[in-house]
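*Asks:* Got a structure here, written out as structure tokens. Questions coming.
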Amino acid sequence: MMSTAIELQALTKRFGITKALSDVSFSIRQGSVHALVGENGAGKSSLIKILSGVHQPDGGAVRLFGQDFAPKDSAAAQLSGVSTMFQESQQVSNLSVAENIYLGMEPRIGPFLDWSRLMKQAGDLLGRLGIEIEPGRPMATLSPSEAKLIEMGRAVSRNAKVLIMDEPTANLNQAEQQILFRVLKQLNEKEGVTVIYISHHMQEVFDLCDHVTVLRDGQHVATLDVADTETDGLVRLMIGRQMEAYFPTIAAPAQGEPRLVVSDLAHPARGLDGASFEVARGEIFGIYGLADSGRTALTNALFGIQTGFAGAVRLDGAPFAPTSPTAAIEAGVILVPEDRKLQGLMLDLDLLHNFSVGNLGRFVSNGLFEKKTALEAANTHIQRLRVKPNNAYALVKGLSGGNQQKVAIGKWLNRDFRLAIFQEPTRGIDVSAKMEVYEVIKSLSEAGVAILVLSSEVLELMGLCHRVGVLSGGRMTATIERADFSEHAIVSAALPRRRA
Amino acid sequence: MHEVDVPPAATKSAGSLRRVVSAHTEEFLLAGVIVALIAVGGFLSPVFLSQYNITSVARQVSFDVMPALGQLLAVLAAGIDLSIGAVIRLAQMVSILLVERVPLPVAFLLVMACGAAVGLVNGLLVVKGRLEPFIVTLGTWTILDGLSLLVTGGRGIAANVPDAFAYLGRGTVVGIPVPTLIAALVVIIMSVVIHRSSFGRQLFSVGSNDLAAHYAGIKVARVRVTVFMLASSLAALTGFIMAARTGAFQPTTISSGGAGTELATIAAVVVGGARLSGGRGTVIGALLGATLTGVLFSILVLAGIDPYVQSLILGLIILGALLLSASRRSKS
């Protein structure tokens, strides 16, 4: 009954001089949902890459159901019953759902694909797991969350005994997460699949998992029964230091004239249908909404990414309708975008460049770029934000997610601004980077900046914000004061409602 | 595990020296190859190191360097300019047609205006028309060459060039060809523009990630249009000086060796370490790249190798340089 699915014995992995894993030993019980937590760089990804056959260990051994397990590549790992869902989905978008599930093992009649059997098999499998997706749909039409579900189905089709899920909820909204959790439960309880679950979200660990292993700096810190632990204790183990609280203490904002007044902002084609709200100087105003709530259009309107919105926006009393990001920035608005790699950073360039690009004008005299001044500024930001590596000439692509996010924020610290918009400010970054991001947001608020935080993490909004507005169907359906915060109040206001 | 903690350099100067050397390994390598090529040339034929030959190679390389810097601009901004050769030819033709009819400065300004206008059209088509630079400049290349053929009727044209004009192409100052001096000036100006100016920072930003540049408040469209205008202007300048040197324009170059110019500029920047997907490349690299290909070709000519083999070699150089940069990328 309580047999062991996977046992790690003194697993060690080096990359050059960096020890990614040193002497890691623990075991995972059959049939459990086992969480793997730790900061970025703790060794989680090295560990799952070894288990999925992408990397081979430099020392130690893995046993899978009592047998030696040393897959030479990912195909070998799958054959032995270990499937992995990486963060980037690995599917063929121009094939159907069914073909993706059975890719490489499709039922055939002679040399030809047995299309009807393929559809039936896939339909049965999806039905068994409670996944409501037509097997004939082209993969390209699936949302990222649906694609994740298909990957889970694919693992089952391959008779996976162990499924490794690497931050499966990173880009999903709450409703999509609930579906994924339901399928995960089905997989685990009905199909008997052992799950290794990597997550940054403590709440998921407590909701879904029965055991948790904490890694830190490539070493095994603890493996615990989830029932015997709580958030603070777990976070403390991860960061290896005492922590007063996860979120900074937010002072009450200064009373006075509102900095930002949005009245009836609308653009029906983009999903905004008359949103109204106000943000005071120094206020951290959270915005919660599902993917189609109009949250993207709202940001686009305020940062000048799109134009043509009806309604009015006033910034410090003056009408504000930016026609480009340049215009928004000049008016004192900055954006930390949700996709830092795509929208926020020049990955192939160095920290110096990335920091200076938020305000090139500050480092220019007579048309020439003053590298020395920019270097001083970059080093100041590196110190203040504790960016690693501590080297202005390091390329941004080599940084961890948390450090990249610090750079995406830091580039704005070269200028004065009145309104800061943060989209998913801590997505996919480790706990200590999160806390540092929260500290920056707090200090901006104390300096009088009005702050909008758009996040799909309810707990983050509750911990960080003075007030939370809930967007649903393009309108602000609720504005909740800090004293009245509850997960239920926020999430229920976000659900789409029927219009009269 | 992509994080590697880089400790702060022990001493600032040692760190920056190491940085300079490691950041410019390719340039040192290229310079070494060029020196080796020159040695090989001297070994193959004593004529190669004669003052006459050195002067003529230097002049020829100058005509390669200026358009290569234009190509570098386009490539840095994540584009490509295939019309550079056609602009050179157009500028040659216009120069020959104008030089007897209007004062030299007016001719010069008109030729440069032609170049800038072509760049403006290229840039606007890319920015406003949302077209790929490759397609747009392929189109202008064909159109401009068609125009040159139409105007000349496919026959060579020549002009009685005034002395001042001829001096630009044929003259020397203390033994150094005037085109080489002009190219040197262009190299210095472009180094400042690309590596020291605010515009250069915007250029690298756009080439590295245009969306992030847009979100950082950089006027991406303006940068793109400026890049194409500068690239075409450098091509026009090259054509003007080439016309000064030859005093004639031979449209047959369009159907024969002329098309090599586009590829030669791409070869120069790629050999010089620039990345075709943008955001990476240096003026010194493009200069060395153009010099290397120029020196190599003069050796081939000297060694009596079939001119048709040259384009074959050019293609091999481009592919080789791309392979090299791809393997370097996968290593890092």
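Cβ coordinates come from backbone N, Cα and C, glycine included.
Reproduced below are the annotations present in TrEMBL:
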| type | residues | note |
| --- | --- | --- |
| TRANSMEM | B:28-49 | transmembrane segment |
| TRANSMEM | B:69-92 | transmembrane segment |
| TRANSMEM | B:104-127 | transmembrane segment |
| TRANSMEM | B:134-154 | transmembrane segment |
| TRANSMEM | B:174-194 | transmembrane segment |
| TRANSMEM | B:225-244 | transmembrane segment |
| TRANSMEM | B:256-276 | transmembrane segment |
| TRANSMEM | B:283-302 | transmembrane segment |
| TRANSMEM | B:308-326 | transmembrane segment |
*Asks:* Hey, which of B:69-92, B:104-127, B:225-244, B:308-326 has the most Cβ-Cβ pairs under 8 Å against the transmembrane segment (B:134-154)?
*Replies:* B:69-92
*Asks:* Report, as numbers and ranges, every residue of the chain located at least six residues beyond the transmembrane segment (B:225-244) whose Cβ falls under 8 Å of a Cβ in that stretch; write 'none' if there are none.
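*Replies:* Beyond its ends, the transmembrane segment (B:225-244) has Cβ neighbours at 63, 66-67, 69-71, 73-74, 76-77, 79, 81, 83-85, 87-96, 99, 107-108, 111-112, 114-120, 122-124, 126-127, 133, 161, 165-170, 179, 182, 186, 193, 199, 203.
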*Asks:* Which listed range (B:28-49, B:69-92, B:174-194, B:256-276, B:283-302) shows the maximal number of Cβ pairs under 8 Å with respect to the transmembrane segment (B:308-326)?
*Replies:* B:256-276
*Asks:* With a Cβ cut-off under 8 Å, give me the same-chain residues at least six positions beyond the ends of the transmembrane segment (B:174-194) that come close to it.
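*Replies:* Sequence-distant neighbours of the transmembrane segment (B:174-194): 51, 55, 58-59, 61-63, 65-66, 69, 72-73, 76, 167-168, 200, 203, 230, 234, 237, 241, 245, 282-284, 287.
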